[in-house]
Every structure is written in C-alpha cells, then in structure tokens.
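Everything on this sheet refers to the single structure shown next.
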C-alpha cells in the first residue's frame, strides 16, 4: 500500500561514495591468508584497511560540486572522516528534483509499519561513476532473520540422564566427551588475553540459570558455575529472563554457549547481543553488528538501509531509545554466528557492501564462522516455510519456485560456512554422514549450494570444479544453480542431538534436550579454531585469521564425509561425495591434523589480538593510535607494523632478552646491546625492546668493519649484538675477536619472516610471554637513566660514545613537535580548517645516526605518522618511493638536496610534500632555493634548516611551521635551549662576529660513555662546547663551519663550507669538497684544495673552477691548493664528507706547485 509523500517532509539523505581498490580486495586477502604466501598472517591494521579503500578526493569533490550546483549549499553537507559518504537533510521536494524521482509512503504488509521510498532514481552522468547508491530510495518489504537452530529439537527432555560424562550416551546425545573422542579435541588449559570467542545473538537470549545447570552437570572437567560471558550490548541488546525462556527464546543461545564453553574453557566468550526485542526482527540486523565493530561501516557506502535495517532510536513502545551504536565494540579473533537469510530476498548492492566488510575483517585477521542453513538447497522465509526456493525466471523468493535458494551471508567468500553432519550408524567410531531430519515440521538438512551474486574464489576453484565434473547431478543446469558461483559450505561438524540445557517449564526448570542444526555445527567449529589460536599464541604467533585458503589447501585436516545429501526445491539436492561437496564442504575437523598445519605455518610474531581494547599505556600526547601503521617496508608494502603490534613485539623481545641474556636483570642501564643494521621495519622493536628490558641500545654504523665493530663492542663492554642479515659475517667475526660465543649474536629479520634468533640457532629471543615496563616519572631518574649510545669519532682518536638519557629523547620528541602543535592550535583559534594530511616520511638515513634514530623511531609515531623504510639509501629507489608512497615529510642532508637540485630526473616526486628540512651540515641560501624549486607546490623556501649534534639529541634549532627563511640561517632555537657564542678564551663575541656555539639544555648529553676526560673537555661551566663556529647577524644564527675544519691562511680563517657552497652553484659541478693542504714553506698556513665531481668528464677545467671562486670570494679564500677531479666524494653513512680521507689523499699529492 502506497500514498504520495508530503513534499515538505525532511529526509536524511545519504550518498554512498565509490570506494577505491575493492576490486583488489580478493588479492589483498590472499596475500595474508594463503598459506603459501610469504606474507601469511601479516594482517592489516584497521587504519591500513581504511586508507586502502577510502574514496578518492576526486570522487568526494565531484559529488560535492554536483550537490552545490543543484542547490544544496556546502554548509548543509556533512562528510565522514573516511570520506565514505556525504550526508545532508533535504525536503522531499528538494530530493525529488535532485534525483529526478517521486517519493511515496509505503505500508508494510506484515508489521503495518511505514517507510518512505521511491521506485527508482537518476543521477547525472558526471557523478554516476563516483556514487554507489543514495538512500533513502528504493523500497523493499521487511524480512525477519532466521535462526538456523530454532526448529532443530530432536529429543528430550531426558529426565533419566544425570551427569553426561564418558562415551556411553553418544548414540543419544552428543556431549563434550563425545566431541573430544570424535574430533581429537584436547582438554583446554589456557586463556590468552584477548582471545575470547565472540558469539553473536539476535532474536534469542542467554538464560544464565540454564548455563549454571549445564556447568554443574554436563561438563568434563567441571566448569565453575559462576562463569559467564562478557556481555556486549549492541543497540539495546539484553540478557534473558524467565519470561523469555518460557517463550522459547533461549534455545539458540543455550546451544551456542554450552557447546562452546565445554570445548574452550578456561578461555572466555563474548556475547554480542544485538538489538532490542522490538526491532530485532528486521532482516538487516547483521548490519547493526558490523556498525558496532567498525564505526566507519555505519556510513560506509551510504549506511544502513532504513527499509532493511532496524532504526535507532526505536520509537516503538519498549524500544531502545539510544543512538545507533557506531564502533566501540571489541573485535574477537573468532566469531560464531548461527543466523542467516535468503540471498534472493535482499538487494545485490546490500549484500555486496556487507561482504566487503567481511573482507576487511579477514584482512585484519578475524575468522568469521557462519552456519550454512538448515533447508538443504532451499531456504526458509520468515520462518514460515521449510522449503522456499526462487522463481526460476526472475530470481525472487517463491514458495513454489524450482531454482535453488542460496543463503546470505554464507554466500560471501570471506566467511567460513559450516554444514551439519551426524554419526553414521550411531557410532562415534563409524564416521559421519550429512545430517538429515526429514520428519515433521522440524525437518532440516545441511544447507549448501552456489551463490548467484558472488563469484567462486580462487582458493576453492579446484575442489569445487572436481565436484561439478565428477559428482554433481548431470540433469542440473543453470535453471537450478549458478555453476560459477561461490560454493558453500566450506566445512562441517556434528549438528544433531547436541546435549543442551534450557528451561521451557517454570515448575520443572532446566532440562536436557538434544538440539541440532547447523547452529550446533558453527560453534563447534568456531571453538576448535579458538583452541588453535590458543596453541599459536602459546608459540608466540598470532591468530590464524581468515581460514578458507588453508582449508582448501590442506584436505588432510578433515574427515571426508561421503554419505548423505541435502534435498529441496522438488529435487534430491546435492549428494555428498569424495573431496569437497555442497553438503558437508571439505568434511569434519581432525584436530591433531589441524594443529599440525596451522601451528606449523611460518607466521612471524604478530599483533596483540585486535579484540584487546585495553587502554594504551602510552603517553596521551602521542597521536599514533593502536591501529596506526607506524612502520612499512618500502620494497614490500604489505609488511607493516602498527602501534599495537609494535608494543607487543617490544614486550616479547624485552622478555626474551631478559630471560635468555639477562638484559636488565641486575638493574637498568648496565647491559649494553650493540645493534648494527640497515633500515628495516623491526629495528624500532629492537630499540624499544632493549630499552624495555632495562638495557642500553648502542648503535653501530652499518659501514663498520670487523675491527671497528669489535672495538665498539669492547669499549661499550657489550655482551650481546643484534645484526641485520647483511651484517651476519661482520658480526660473527667481531664477537669472535671479542671472545664472545656465536649465540651472543642475534639476527634480526623483518622480511619475509619476522624473527630475532641467535646465529647458531639455539635461542629465539622473541618470547611467548611479555615483559611489561613501568613508566619513569622521577625527574632525576629520567635525567640519569642511560638508554642509548651513539658513537662519534670526530676527526682524531678513538670513538666516543655519546650517552643519551630518557630525558634527552623525551624532551627532543616533545619540543620538536611543539611548534607544529602550536601552529595547529592557532589555526583552529582563527577558525581555519586544518588540512587532512597524514605524516609519512621516507626512512633512508642510517639509524646509527641521531637523524635516523630520532627521525624514524620516535618522532613520526609521536606525530601520528608512519615511516616507509628503505633498506639503505639508493638514489633511484629513493625517487621511486617518494612517488609511490606520496611522502609528506622529508628530512635529508645537503648533499642529497644538492643532487635533487641538479637532477633532471626529479619532476613531480614531491607533489604531496608538506614539509622538508635539512641538517648535519651547513646549507647556503642559494642551494636552499635551488633545491626548493625542485620540490614544487609553489612554496618558496619551504626547506627549513635545523642544527644540532648527536650530543644535543639532534636538532636544537628548527624553523617554526608556517614560517620560512631564504638566507641560509639555521632557524630559531627551540624552547628550553640556551645558546651563546664565545671566542677561544670563552669570552662572549659581539653580534656579527664569529665564535664557537655553546649550548645548555635538557637536550644535551650527560657526556661520553666511560670517557671522563672527553666529557670534561666537552663542557665549560655547564655549557656544552659544540665545536661549531657560528655568527649572529640580524637576529639570525648562521653556521660557518666546524671549528676543527676551519683553515688558517696567513692568520685569517677560511671556512671550507663557504667555498663548497659556492662551488655547488657552478652549473658544471655535481659535487665538491674542500680541505686544507700545508703550504710548502709555511706549515702553519692551510691552502684550500678542492675535490670536484663534474657533471660529466671534462665538463669543467681547473682554471674555470678557480676563476669561479676568484670572481666571488675574497683573495685569502682562493683555491691555492689546487683542484682535483674525482668520480665521487667519500662520505660516511649519513652523507657527510670524509675529510680525513681527502686530507690523507692531499698529503700524497704534495707535489702540487702551490703559489702563495
């Protein structure tokens, strides 16, 4: 019944935008779920999933522009955070004109409820490709969800059976002892945190008195009677009471929880109770469940459907009056669901959008188990017909139809569908057959068939095709079923006469019955998967995640059921057969075989289960959330680490270091662990793991020789060394030279597997348990606690270990981020909208240097961003990754910016850049401007200079966000930093004069490790002597050069950096370095000598280079030491010139005729 809608009625209009990459979802899932994939088990974070599929900015802009042009002003539009949808309120008159349609008020036949909808609508051609659908639009009659277990009472009550233990009653009732004997299930003994099984309920409720009786009488070993599930109420969900029990609304929940607890206890269960008792008969209640798990799904592709999904607040009497729950519900590793609907009764887009969400949960490592249905190849409509099929011509639900009726949502490939079996010949030793209970109104058969919507996934293709070729009835054509559709079930389990206690009579109370259906089979299989996850967690591995690819790859895990069928729609349905069949799937579980396969899969240590929603112990100032991807491998983008995963890895590594090597066992700051590695995603876990164990992280240069590494190990008194795979040989030889065993070297690998294992294979340093650390709040402890040593040799002498404390690193993290946060606060205060830019930087500098250690291990996570890790710097790879990962923040050294400024290869590589900075060496204004011109985006002087040293924990000056400078200054000093400039007698110099920069700050080191003389020499009256010569001009600081690098020509100081910066501007010079050579007749005089890399051989002459300098610099700064052309300038790992090597070379070339 329909009538014209009132044109002034206001509608909440939602436009679902097209998402990106949905066509790649299948490939993404295979990558993390295929047991043959090197990325098996590397599940995605929720943030990574959201970023991968969110609509493009173009899509959002196109639809927004269309709406504004159509009269819907921009201030009326609301955009979701993930850009998935656009919402606004509009009158029916406006909406009809916008969508070229006409709205009516429809009255539902069964409920007499009213809904506003239209028959069709139209969109302009320009936006059609960007929109999935608009709501509210087309009308659909409401359907009720179907519990697959509700008709499946086969026997009872059994009043004469008390305490069902042992195997004597298995031919009458299936108890836990029967299940263990049939499937080889062990008695559970562990309950890892966050691994609770999730069971979702809708139109049925858990009655706790029944559960108590079951525990007391029918569990083995006995489960304490006070055990109960964690209750997760979704949109008004509630526990049962006696009146509901007497109304028969407790059977499903009793079956689910009693069966599951008997298998997995002492592991717990979460009860997800969905919807109030008024609205729960809406067919789309699966969506309110997904809404609660993922807030973005509430609005994904337009949100829940008002004609299918229950609406909250519920205006009906007794209804739930709160808002629709969007997110916040914990996510379990395994979900068991025993409800389903009819594929042919719901719109295709509705099922597709929900299947996409199951796909996203699969990517995140969640196993979703659904009952396959109880009507064979038919289906059940509104619980009123036992054999409803589809109209063969039009595909709609038809009681007299002949086309097989697939079930929803088991038609979705990313769900594991479970069929039902029963004992063959009533013996636990005689095998199983497909369940068949054909008598009376409670008859049921194992549901199975082929989807008309979803294509067959690759993982089941061979198994299904084998069945179709050999065993499918030959008289079946496309009239009966879609031969290329997703086939189900995937597996099966016992589904007849499960021992279940429930109350149906108030005077008698709880009684034991035999209950069945695929509703019994699903929780059995889900419980087995939960046990397997317990086994894996005990090994230090993560949950299995999406099961189906492994199920089809390992048929040996299942007992092959070949007897029985699933009749319906006037046919005998499908027969069970060897291998996979659409009645029992791959068969029933053989637990020992499943354990062998799943526990043997080569998965790395993985994240703390996504279901663990405990509050993070991290600083409230840290912007990275638990699911923020903080580290990603550039060469393998699927190899990522989010903050939750990083935390667990740190805890496990800390425990492994403490247990196996005693790190931190005698107190903090005593055990030094040397680490030598190129960049990799697990280096941060190693760093924090050492610190969490109470050790000291000692960073070695990746270019270290055996002698250099051994010397550092000895000076640091290190008893343990961690290395990357490229440094195995160097590390092994170094510990041998230090007379340490090979077991004292741990190999850190991030790809293709995650591991931290001794070179001799005797020790796995990633523990199955976790070591938690305590926050240090005492100021003195923070200042004195040594956690990191960075090694700096300077120009002479043995390496010096720069000691950094908790206070140093925490202060640097906070202070350097302060400028950006203050800028953001000011913009908000002005009413300006902050740009939605994700912080993403490219890790290409060595982690043994403060720029790499701080810039990649600490700063990005604090700012809520991510690091894309290059193994080591390579020009071509850097250019590729800058574009591929749309880098937004880029810090590098002047030598790389020099190459950027001169390279024709650099085009639009920096188009996503928001901020760039440089340091480690001075960079004059001309180079700064030349490099900035290549960064694009029309920003002038966007590159900001920083200045600092390892001894100052990195930068102590920085250009504030929103400001710039083109003069080559080192930027303003940071808060909590004091600077002064002094002469050689430590007297202050006047502005404009040159002097050594001294610094005092919480950022300054406490000194050098085990080197009191060097520490004493580096400080003067509490000020740290940086060794850098600077000047203060017009209120800005400039670096002239290192004090030790300055040249003296006839008593005048010459800064090599000044000559180098000038040479950089020569169009035919690619790179240049300047050192001093002693004058032949005056050893106290340095003659500047340039080593030049021309852009091409012969492109420039010595005379031309000298002339370039002569025309631009004072006479005493000329290249009297000559010019030498070389193929490259020797540099260290951070890109600094190795001047000592150049000076040694110059000494060998002293035949030069120098002219004074």
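Glycine is treated like the rest: Cβ placed from N, Cα and C.
Among the features that TrEMBL reports, domain 'Peptidase S53' is placed at 173-601.
The active site, charge relay system annotation in TrEMBL covers 252 (among others). DSSP assigns residue 252 (active site, charge relay system) to a helix in the three-state reduction.
The active site, charge relay system annotation in TrEMBL covers 256 (among others). Cβ neighbours of residue 256 (active site, charge relay system) (same chain, under 8 Å, six or more residues apart in sequence): 199, 201, 336, 338, 519, 523.
Under the DSSP three-state reduction, residue 519 (active site, charge relay system) is assigned to helix. Summarising the annotation, TrEMBL assigns active site, charge relay system to 519 (among others).
Within 10 Å of the C-beta of residue 579 (Ca(2+) binding site) we count 17 further C-beta atoms, all protein chains included. If you look up TrEMBL, you'll see 560, 561, 579, 581 marked as Ca(2+) binding site.
Within 10 Å of residue 252 (active site, charge relay system), as judged by C-alpha distances, no binding-site residues are found among 560, 561, 579, 581. Same-chain neighbours of the Ca(2+) site beyond 560, 561, 579, 581, judged by a C-beta within 8 angstroms of the site's C-beta center, are, in sequence order, 558, 562, 576, 577, 578, 580, 584, 585, 586, 587. On the 0 to 100 pLDDT scale, the domain 'Peptidase S53' (173-601) averages 83 in this prediction.
DSSP assigns residue 560 (Ca(2+) binding site) to coil in the three-state reduction, placing it in neither a helix nor a strand.
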